[in-house]
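Some notes on the structure that comes next.
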Amino acid sequence: MDNSTTAAEVSAPTDYDYNSTSYDDDNPYAAPCSLTETWNFLGRFAPVAYILVFILALVGNILVLCVIRRYRQSRHSPCSFSLTDTFLLHLAVSDLLLAATLPFFAVEWISEWVFGKVMCKITGALFSLNVYCGVLFLACISFDRYLAIVHAINISWRRKTCHAQLACAFIWVICLGLSMVDMHFRDLVEIPGMNRMVCQIVYSEQYSKQWQIGMQLVSMVLGFILPLLVMLYCYLHIFKALCHATRRQKRRSLRLIISLVIVFVISWAPYNALRMTDSLQMLGVIVKSCALNNVLDVGILVTESLGLAHCALNPLLYGLVGVKFRRELAQMCKAALGPQGCLGLVGWANGRGSSTRRPTGSFSSVETENTSYFSVMA
């Protein structure tokens, strides 16, 4: 596969080779691979997938931010709520910014890139920045839950959420540096024979393959492998700490832990597996073929869309499952629509049991004060 054929650029929505044919760089005399059918399918699939993820992520994450804002208004200090809530706030912002880039790339697939070179660079960098930030914030949430439940870290330390703000700032800075690859290399490219402009990463011809493979490796390590290892380690120990619990809500938390890991793996593992296959093909470990080219082109974009859907699922997995989060959402609804307009939501917020049931917090030895207001364990 040539350097631009595969939809596997590291830190941007799928960069696809819009040529109608693809040639093997190692054998220039080989018959070209036809990409017409692949292009037609992706041109129909990508806009629908991007817009659907955009709408769902927009609604879910705005709800999360509104509920957090309502809660913060009742506090006076920027360090007034738990570490997990701080990470959840930054996760929602990151997912919202990521979703905001998708309509631009949907328009590109429908027609062409019409927003100019500057927006091409900014949009690509913003996408890259928030993909990295999102998965790293997920790792931070799991680590904070691990400290609270398994080790019951000192309450006074964990309530100083300014520590979490510093950690979040560090993550933003690191990911901003990684996104500069897009800012530097993204450019407008004209599709031969189609008179259309697209926004793609364009590496220097001499080092194109090295850059692609190197950045794919960085992306897989920071964007999937490292967060997955952190989540597996933390949630495995949380699972062990709660596996002997008898309370119904603790058993419910065990099911939630399993769901969090499974959803993350299903969302991102297929995409990273296909990108690894593409890297091996570029290195010559896997023999190139037209059939494999088409599988990678279609598969990477489809699985990328599956991964992007995770930013729409995060509000459900990390926010709405918390009893107290749902109650705050119900109160916000009552304030906006009145008590009669939110009867169903109030019942849902109180759970299946009695509406007068006392809310429980995190399942640690410091249950009351160590609770995350929007914790997945609440």
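All residue numbers here begin at 1 and follow the chain in the order shown.
For all residues, glycine too, the Cβ spot is worked out from N, Cα and C.
Mean per-residue pLDDT, taken over the topological domain 'Extracellular' (1-47), amounts to 58. Per Swiss-Prot, topological domain 'Extracellular' is recorded for 1-47 (among others), and the stated evidence type is a curator's inference.
As annotated by Swiss-Prot, N-linked glycosylation site applies to ASN3 (among others), with the evidence given as sequence analysis.
The feature N-linked glycosylation site is assigned by Swiss-Prot to ASN19 (among others), with sequence analysis given as support.
According to Swiss-Prot, the feature transmembrane segment maps to 48-68 (among others).
Per Swiss-Prot, the feature transmembrane segment maps to 87-107 (among others). Residues 13, 46-47, 50-51, 53-54, 57-58, 61-62, 64-65, 68, 113-115, 119, 123, 126-127, 129-131, 133-134, 137-138, 140-141, 144, 164, 168, 171-172, 199, 308, 311-312, 314-315, 318-319, 372, 374 of the same chain lie 6+ residues outside the transmembrane segment (87-107) yet bring a C-beta within less than 8 angstroms of a C-beta in it.
Panel annotation: around the topological domain 'Extracellular' (108-121), residues 42-43, 46-47, 50, 182-183, 186-188, 191, 196-199 of the same chain, lying at least six beyond its termini, place a Cβ under 8 Å from a Cβ of the stretch. The topological domain 'Extracellular' annotation in Swiss-Prot covers 108-121 (among others) and rests on a curator's inference.
The annotation disulfide bond is assigned in Swiss-Prot to CYS120-CYS199 on the grounds of sequence analysis. A helical conformation is recorded for CYS120 (disulfide bond) in the three-state DSSP classification.
Per Swiss-Prot, the feature transmembrane segment maps to 122-142 (among others); the stated evidence is sequence analysis. Sequence-distant contacts of the transmembrane segment (122-142), counting only residues of its own chain at least 6 positions beyond either end whose CB sits under 8 Å from a CB of the stretch, comprise 10-13, 84, 87-88, 90-91, 94-95, 97-98, 100-101, 104-105, 115, 164, 167-168, 171-172, 174-176, 178-183, 186, 199, 201, 222-224, 226-227, 230-231, 234-235, 260, 264, 268, 310-311, 314, 318, 376.
If you look up Swiss-Prot, you'll see 165-185 (among others) marked as transmembrane segment, on the strength of sequence analysis.
The topological domain 'Extracellular' annotation in Swiss-Prot covers 186-212 (among others).
Summarising the annotation, Swiss-Prot assigns transmembrane segment to 213-233 (among others).
Outside the transmembrane segment (254-274), and at least 6 residues removed from its termini, the chain residues within Cβ reach (under 8 Å) are 8, 135, 138, 142, 220, 223-225, 227-228, 231-232, 235, 238-239, 242-243, 245, 296, 299-300, 303-304, 306-307, 309-310, 313, 317, 321, 376-377. If you look up Swiss-Prot, you'll see 254-274 (among others) marked as transmembrane segment.
Under the heading topological domain 'Extracellular', Swiss-Prot lists 275-304 (among others). Break the topological domain 'Extracellular' (275-304) down by DSSP state and the numbers are 23 helix, 0 strand, 7 coil.
The transmembrane segment annotation in Swiss-Prot covers 305-325 (among others) and is backed by sequence analysis.
Tertiary proximity for the transmembrane segment (48-68) is limited to same-chain residues at least six positions away from its ends with a CB under 8 Å from its CB atoms, namely 13, 85, 88-89, 92-93, 95-96, 98-100, 102-103, 105-106, 109, 302, 305, 308-309, 311-312, 314-316, 319, 325, 328-329, 332, 374. Same-chain residues lying 6+ beyond the ends of the transmembrane segment (213-233) with a Cβ under 8 Å from its Cβ atoms: 8-11, 131-132, 135-136, 138-139, 142-143, 146, 178, 181, 260-261, 264-265, 268-269, 272, 275-276, 278-279, 282-283.
All protein chains considered, the CB of CYS199 (disulfide bond) has 26 other CB atoms within 10 Å. Mapped onto DSSP classes, the topological domain 'Extracellular' (186-212) shows 8 helix, 12 strand, 7 coil. Cβ environment of CYS120 (disulfide bond): TRP113, ARG186, ASP187, LEU188, CYS199 lie under 8 Å away, each six or more residues apart in the same chain.
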